Each structure stands twice: as C-alpha cells, then as structure tokens.
Amino acid sequence: MLVEINFDGIVGPSHNYAGLSPGNLASQRNRGATSHPRAAALQGLEKMRANLHRGLAQGFFLPQPRPDTAWLAALGCSAADAPPALLAAAMSASPMWAANAATVSPAPDCADGRCHLTVANLRSMAHRSHEWPFTLRQLELAFSDGQTFAVHGPVPPAFGDEGAANHMRLSAGHAAPGVEVFVYGCGGGAFPARQHEQASRAVARLHRLDPARTLFACQSANAIAAGAFHNDVVAVANGHVLLAHEQAFEEPAALYAALRAAVPEFELVEVPAALVTLEEAIGSYLFNAQLLSLPGGGMTLLLPTDAKEIPAVVRWLEHVAAGNSAIREVDFADVRESMANGGGPACLRLRVVADPATVDPRFLATATKLNRIAEVVEARWPESIAPAELADPRLHARLRDAHEALADALDLPELCQA
Ligand code: SUG
C-alpha cells in the first residue's frame, strides 16, 4: 500500500543563529541571537506527534554530527583553529530542513516502477554544501530495498540543487501516477536563485520521469527578491490541489494551463496579492504549510503559529476554511525556533510515497519512539547556544555525546560519527 510518509529532520543539538543564508530574511534578521536547541527539537517532535495522531505515516532523519570535522579537515583546519565563518558553517544544524535533503519521485511516476530519490547538493550555501554525504548515508540505509527504491548521488555541483523545496507533485491521489513540477530560479535581484534549471532537468532524467508528465517552471524573480529563497515559501501542492501565491511563478497562466491539461482533477487555490502581499506571505510562511490528506478525506493545512500574527493571512484563512476547496481545515504547529532561521512546517519534512513496510523501520516513528527521542533531547541537547559559544570545545564534546546517544537510542550505530 503506497502512502505518503513525512520524514522530519530531528533538530540537531547545535541549532544556532549564525545568519548564514543571504536571501533568507529570517536567518539574516536573527543573526547573533541566542538559540534554544532543546526547545527547537521538542517543537519538531511535537509536530511529528500531532501528525501521528492524525493517522498519518511519519518518519524521521537523524541530525548530522557537528562540528563537521571531515569538512573542516578538507579545508585544512580543525574545530580548534578554523576561522569563525568556517566554524559556523561546520556547526550548522541545517539538515533539520529535510525538504532540502533530496528530490523524491514516487514509483508510479518512474519508468522502472521504483521510487527514485536524488540527494540535493545544496551547493549555493557553504554551510549546507557539506550535508549531502551524511544525508546520502541515511537515504541509503532508510531506502536500502533496491527493488523498491533507487537512491542517487548529487547532480554535479556546477548546478545548484535544493531538493524537494523546489519540486511539486500533482495527482488524483498519492498512489496514482502524478505530474511532477520542477521550479527553478531565473534571477532574484540581490539574492541568489538557488535552484538551477539544469539540476532540475538532470533529476527528472535520472528519475526516468515521463517527459509528457514533467513540467519545468521558473520561479518569479520578484518572489526571490522578496525573500522566497525556495519555491516552497510561496507554493505548496498536495494530491490534486495547488495552493500558490499569485506572484509565485514567472508565467503562472502557462503552468496552470499545463496542469489543467495533465491532471483532470486539478484544483488551484490561488492567493491574490491584493489580499495577501508577497511580503505578508513570506513573513507568515502561509505557503510553507504541510497540506495533508486526512485518512477520512479532505485536507488540513498545517501552518506555523507565526501565521496568526498577520491579519491579512488570518482573514484569508477564515475565507478558505469557509469555502468549498479541498482544504477543509486549518491547524497550527509551534516551530518558532526553526522559523527564526527561515524553516516552517514544510521545510522540516521530506515527503516519500511508499509502502512503510519497504522502509527500514528504524526511521519510522511511533509514539513510543518519539518519547524515547524526547528523553535523549531533554537529557543531552543544550538549552541555549549564544554565538560566542560556537568555538567552545566543551560544546563540541557535548554535541558529539548527544549525537551518539541518539544514534544509540534509535539503534542506528551506522550513523555514529566514528
Ligand atoms: O537553507 N536556513 C535554511 C532554511 C531552509 C528552509 N527550507 C525550505 N524552504 N525548504 C536555508 O536558508 C539558516 C542557517 C543560519 O542562518 O544559521 C538556514 O540555513
């Protein structure tokens, strides 16, 4: 039975606000603030728990060992003598944003009938460019059944790839063949366009997608310039529904027409700029929501609690819940620590359509396992990290310890640092 499994990145113990992502307004605004890794990880676990309660399949990925000493060694330094900018990049907990881990094409879309995953190279930001080797190790473990899955290495770094954050799939239902939409950046004014068209096209070829059911769309340069560093900050798709801001795409009419032609059930829920401006959309993360098909039918839009703070967004949410779209209810998750670095509910998860029985069960969540993870977090994750502490060797030792304790608790010795 193919179902959607949301794999959330567990927030790592080194979660901090180093301001490493130009073009990501929250990351820049909070540069130098004190972070709260323990609260951040517990918030993420709570979101997973709520999705389990909704009757949805839930998985997780482990945080990565930090500081990334192998990466620092390749740069000719160590955690003890690295220049501050390199050390901050080596300390980042950015793998929590699992939407950037990989692009996933479910089996019904791929010519060989396997589910394909390509790990993202994340080459546009130094602090994310060294995530992929460890991510690849996890993907190869979690999806090791070669009859069912094909896991690919990253596309060459000449072309930036940011994974599922710039990829959408529309279909009559998760298990039905879908139309895959790859959104790439053409320009973004002062800010980088992080997804390269050639990376998207390479992933589509590697996944053996049917060209007639694969669309490529340019993200609007205005959206990137306004702070939508990934497409999932201005659009989200689930099943037959696309929820998008009016200014998300460079040529929206052509994209919508192609989707109407390819997916008979296609439903567009477009938010006009006259009701919610791009700035309000990006400030609230209205679109960085999880749009979830509920087991009993209908969809829930799971938003960050921060969205309640913007009146235009609250008005629009009242309007959609009262209307007759497939979005039947709106709910909220408190992921404030992640939001302060520009990561909402949708950034924290990677969607994989698969039969849970084909996934390594060590990566699948149950209520008991989430409690076990919470115990490790409570006992080992630092309560707070101030920027000045990033170079403290005692913090480095504590992070190693925390990582090992979690890998132990989840019976994943393969993911221990040594
Ligand atoms: O790549 N933030 C991440 C946020 C990623 C959000 N993901 C999606 N939209 N899918 C990024 O910009 C901030 C790190 C710092 O500043 O310390 C950061 O990497």
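Including glycine, each Cβ sits where the backbone N, Cα and C put it.
Non-local contacts of ASP232 (substrate binding site) by the CB criterion (under 8 A, 6+ apart in sequence, same chain) comprise ALA99, ALA164, ALA165, ASN166, PHE287, ASN288, ALA346, CYS347. According to DSSP, ASP232 (substrate binding site) is assigned to a helical segment. Here TrEMBL flags 18-27, ASN100, 127-128, ARG194, ASP232, ASN341 as substrate binding site.
The active site annotation in TrEMBL covers GLU162 (among others). For GLU162 (active site), the Cβ neighbour count at a 10 Å cut-off comes to 30, with all displayed protein chains included. In the three-state DSSP scheme, GLU162 (active site) is classed as coil.
Here TrEMBL flags HIS230 (among others) as active site. Around HIS230 (active site), the same-chain residues at least 6 positions away in sequence with a Cβ under 8 Å from its Cβ are ALA99, ASN100, GLU162, ALA165, ASN166, ARG194, GLN195, CYS347.
Around the Cβ of CYS347 (active site, nucleophile), 28 further Cβ atoms fall within 10 Å across all displayed protein chains. Per TrEMBL, the feature active site, nucleophile maps to CYS347.
Within the same chain, the residues at least 6 positions away from ARG128 (substrate binding site) whose Cβ sits under 8 Å from its Cβ are SER92, SER94, ASN100, LEU122, listed in sequence order. Cβ neighbour count for LEU20 (substrate binding site) (all protein chains, 10 Å cutoff from its Cβ): 21.
Within 10 Å of the C-beta of PRO22 (substrate binding site) there are 14 other C-beta atoms, taking all protein chains into account.
Filtering LEU20, PRO22, ASN24, ALA26, GLU162, HIS230 by Cβ distance to ligand 1 (under 6 A) retains the following recorded positions: LEU20, ASN24, HIS230.
In sequence order, GLY227, PHE229, ASN341, GLY342 constitute the residues six or more apart from ASN24 (substrate binding site) in its chain with CB-CB distances below 8 Å.
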